[in-house]
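Q: Okay, here's the structure, questions in a sec.
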C-alpha cells in the first residue's frame, strides 16, 4: 500500500482509500458543524430561516409588552368602575363552574349518578329499609301520642281528686285570711294614730 496515495484527511469521505487520479477536496467547516436538524438546507435557506426566527422573537417581545400595557389599562378601568378583585374572582369561579357543568365529563358523571340512584331506589333492599323506617316512625308517633294522653288524663284525675280539692280549699282559705288581715290592718291605722294623740293618764299616787 502506497502511503503517498492514501487520503489522510479525517473529514474526507475518501478516508482510507487509494486515489491516484483525484486530489483531496477541501471540506467546509461550516457544513461540518451543522446539526442534524439543519442538514439538507442550503446556506441561503439557513440564513433565511434564522432571519425569520429573529423576526418572530422580536414580535413575541413586542406582543408581551402590548399585553402588559393592555393588562394595566384593564386594571385601571376596573378600578374606575369599582370592580373589586373579589367580585372578579366570584365571576371567574361562576364561569368555571358553568364550564364544568356543561363539560362532557360532568354530564356523564351526572347521568351515571342518576342511573345509580334509580337502581338503588328501585332495589328491594331500599324498599324494605324505607318501609321499616316508616313503620318505626309511625310506632314512635303513636307511642308519644299515647304518653301525652296518659299524662293529660293523669293530671285531670289529680285535679278531680279529693286531695287536690282539699289543697285548693286550704290555699283559698289562707289567701282570704291574708287579704282580710291586710284590710283590717289598714283600718286600724287611723285609730292607732288617734290613740297616740290622747294624753297619758297620771300615774296613781302611792
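Note that Cβ sites are derived from N, Cα and C of the backbone, with glycine treated the same way.
Dumping what Swiss-Prot says about this protein:
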- 38-82: coiled coil (COILED)
- 1-14: compositional bias 'Polar residues' (COMPBIAS)
- 175-185: compositional bias 'Basic and acidic residues' (COMPBIAS)
- 1: N-acetylmethionine (MOD_RES)
- 3: phosphoserine (MOD_RES)
- 12: phosphoserine (MOD_RES)
- 19: phosphoserine (MOD_RES)
- 21: phosphoserine (MOD_RES)
- 96: phosphoserine (MOD_RES)
- 149: phosphoserine (MOD_RES)
- 161: phosphoserine (MOD_RES)
- 163: phosphothreonine (MOD_RES)
- 166: phosphoserine (MOD_RES)
- 173: phosphothreonine (MOD_RES)
- 195: phosphoserine (MOD_RES)
- 1-24: region 'Disordered' (REGION)
- 175-206: region 'Disordered' (REGION)
Q: Might you list, by sequence position, any residue in that chain lying six or more from residue 173 (phosphothreonine) with a Cβ less than 8 Å away from its Cβ?
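A: Within the chain, residue 173 (phosphothreonine) has no Cβ neighbours under 8 Å at 6 or more residues' separation.
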Q: Would you report the average pLDDT that the model assigns to the coiled coil (38-82)?
A: 92
